[in-house]
Amino acid sequence: MTTIKTSNLGFPRIGLNREWKKTLEAYWKGNTDKETFLKELDGLFLSAVKTQLDQHIDIVPVSDFTHYDHVLDTAVSFNWIPKRFRSITDPVDTYFAIARGVKDAVSSEMTKWFNTNYHYIVPEYDESIEFRLTRNKQLDDYRRIKEEFGAETKPVIVGPYTFVTLAKGYEESEAKAIQKRLVPLYVQLLKELEAEGVKWVQIDEPALVTASSEDVRAAKELYESITKELSGLNVLLQTYFDSVDAYEELVSYPVQGIGLDFVHDKGRNLDQLKKHGFPKDKVLAAGVIDGRNIWKIDVEERLDAALDILSHADVEELWIQPSSSLLHVPVAKHPDEHLEKDLLNGLSYAKEKLAELGVLKEGLLSGKAAVSEQIEESKAALKALKAFATGANSAQKEELNQLTEKDFSRPASFEERLALQNESLGLPLLPTTTIGSFPQSAEVRSARQKWRKKDWTDEQYQAFINAETKRWVDIQEEIGLDVLVHGEFERTDMVEYFGEKLAGFAFTKYAWVQSYGSRCVRPPVIFGDVEFIEPMTVKDTVYAQSLTEKHMKGMLTGPVTILNWSFPRVDISRKEIAFQIGLALRKEVKALEDAGIQIIQVDEPALREGLPLKTQDWDEYLTWAAEAFRLTTSSVQNETQIHTHMCYSNFEDIVDTINDLDADVITIEHSRSHGGFLEYLKEHPYVKGLGLGVYDIHSPRVPATEEIYQIIDDALEVCPTDRFWVNPDCGLKTRQQEETVAALKNMVDAAKQARKKQAQLV
């Protein structure tokens, strides 16, 4: 008889009411002392674990909770401190300096955690690092929960293969040697856990799902070196986000358990299991509930899936768990949530997913009859959800069916458009602009709250937005920017704003998830067909344009980003959803152009993150992603300049797709790549308009004019001068006014210096 247990891989850190965010930001602002700060975070850690214990999860993780990022935790624990931060003596100050930067040292690079909306701090390797274990966080966390609750838990750590794969600063040929140098540190950490009596440790190796067979074999040697030093500690090797190609090699690792994702594996893990079986002496930790979406499960369907897995895995112990950490979904349904009943009842967040695991466990142990009530309840909830969504359906399918190839392409080539736009727009060499948003002060947030609480009328709120817009148009004029933006003060979030004005979206009040650091977002819920209702941005953009003789950019979020930053429905394909959004936005683009706006930016910062993890699956996604963008933008005249913006990406992977977007100008977050993309451009020139971000907007640090000038000068070594733009990395919403104005002044001054140099070269 197989023993069935429930397990979890990770839990949201932020708290039901974003207490984690508020605690961090109060400390960063100096409003909380260190002792109070650490005590408050400890309380949040305990609360997260207690929630899981209260849901009767058999195997609860610890050390997934962090003060900023779990990858950064691993780096700091192994003394991977970049040189520029080693003079800082306090460990907490060092930790946050790496994440956020300080006056004289830029922060470490931040990038997407695989193909999710979470960002991690990229570990930096250099030969001067003294490899040593500075802190055993896993042991500290295990002891803390044992002390507080008397509970046995499962410490979690990023594994050596994934950690080095995610790091930078070394040649590819050095990777295996660096991994081997980490082995003694893992052994030390794990032996300390073993001495404490820890029963299980979860070592996360998601990078193995994209690893070659050779690398999977090489990583096996790491685990042979690690586990041969252990005698009483059980190791669970955990993969997620996709299937493992070298399945037979992986399940032969010298560990006591293997975690596999049976949700996002496209059926491949299950096929491998059926073909090759699974070692009887190992625990199979099966991801059977989606850790990344927010929809209630069909209990019978998921129970059948778990039974199918069990029928092909002759194991003594099966753990059922989410497909990945629940970091990617909200904490729990909030008692004050305002959604329609049938929609709310069809949702399942982290806490609810743990309860669903309990139902599946009971069904596996006692049969379907034991959970018949829950089966019927889930079917009724999903039926009501479908009826609710169907009520919002539109005639958009007919519009999509009538699209032709002409609807996906501009009338003229880029070179022809460029000549017309240069004549029409009259911009200087190296034009300066920003990416869209400006700081949202406490006054802006307060005004929005007053309006939402009905303390202010629509007219009062619009008057405030207009005043703030005018103030920042004046500031931009004074700074000397060439192409202005209205500042987006009416928007809380670049996706939420559009979803609120399109049919087919629902918005929560409390369903927050972590994006990076203390930054939290509320992804929209796409429950029905997406449809344009009325112009969304025209009024505010036209007002801003009336305040200046300079060009004002229209600012939209692109269809792929809206899709990738939402919780999408699962009853139709992602491609179909993207095309629905693209068709709706196409009407907004046309409305802006008809209103006299000559530069329209359609942001796609999340285009790359939607890539499937396996390159064999890329072409299909990239093809329809580019098509959705062109569907949005191709209705405009040749004289209208289309911009797009991307951030946090390994752009080398998608340069062909960037070109296929056929945008006239693309602005790219660049400063945190520390010159990496420039190196790529030396070998692979980009011929359309390009703006490489010249300073990091995620840090309060104000870069000097000379520093920005040098970045521009370096870029012009490889980028065409007549189509290069100067801009910050991303929007400036989260920054303070003083630092924003100072940085932009320096940026404009640097651009002027660069123009002078270019004039001298002519």
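For all residues, glycine too, the Cβ spot is worked out from N, Cα and C.
Sequence annotations record features per position, and here Swiss-Prot assigns 5-methyltetrahydropteroyltri-L-glutamate binding site to Arg18, Glu19, Trp20, Lys21, Lys112, Arg519, Cys520, Trp565, Glu609 based on sequence analysis.
Per Swiss-Prot, L-homocysteine binding site is recorded for Ile435, Gly436, Ser437, Glu488, Asp603. Neighbour count (other Cβ atoms within 10 Å of the Cβ, all protein chains): 24 for Asp603 (L-homocysteine binding site).
In the three-state DSSP reading, Glu488 (L-homocysteine binding site) counts as coil. The L-methionine binding site feature in Swiss-Prot is assigned to Ile435, Gly436, Ser437, Glu488, Asp603; the stated evidence is sequence analysis.
Under the DSSP three-state reduction, Glu669 (Zn(2+) binding site) is assigned to coil, being neither helix nor strand. Residue environment of Glu669 (Zn(2+) binding site) contains 26 other Cβ atoms, counted within 10 Å of its Cβ in all protein chains. According to Swiss-Prot, the feature Zn(2+) binding site maps to His645, Cys647, Glu669, Cys730, an assignment based on sequence analysis.
Annotation source Swiss-Prot lists active site, proton donor at His698. Packing around His698 (active site, proton donor) is summarised by its Cβ count: 24 other Cβ atoms lie within 10 angstroms of its Cβ, all protein chains included.
When the recorded positions Arg18, Lys112, Glu669, His698, Cys730 are compared by Cα distance to Ser437 (L-homocysteine binding site), the shortest distance belongs to Cys730. Rounded to a whole number, the C-alpha distance linking Lys112 (5-methyltetrahydropteroyltri-L-glutamate binding site) with Gly436 (L-homocysteine binding site) is 21 angstrom. Nearest in space to Ile435 (L-homocysteine binding site), taking C-alpha to C-alpha distance over the recorded positions Trp20, Cys647, His698, Cys730, is Cys730. The recorded positions recorded for this entry are Gly436, Asp603, Glu609, His698, and the Cα of Asp603 lies nearest to that of His645 (Zn(2+) binding site).
In sequence order, Val485, Glu488, Met494, Lys553, Met555, Gln601, Asp603, His645, Gly731 constitute the residues six or more apart from Gly436 (L-homocysteine binding site) in its chain with CB-CB distances below 8 Å. Within 10 Å of the C-beta of Glu609 (5-methyltetrahydropteroyltri-L-glutamate binding site) there are 23 other C-beta atoms, taking all protein chains into account. Following the DSSP three-state reduction, the secondary structure of Ile435 (L-homocysteine binding site) is coil. Taking Cβ-Cβ distances under 8 Å and a sequence gap of 6 or more within the same chain, the neighbours of Cys730 (Zn(2+) binding site) are Ile435, Pro605, His645, Cys647, Glu669, Gly693, Ile697, His698. Summary of the L-homocysteine site environment: with the site residues Ile435, Gly436, Ser437, Glu488, Asp603 set aside, the chain residues having Cβ atoms within 8 Å of the Cβ mean position are Thr434, Val485, Met494, Met555, Gln601, His645, Cys730, Gly731, Lys733.
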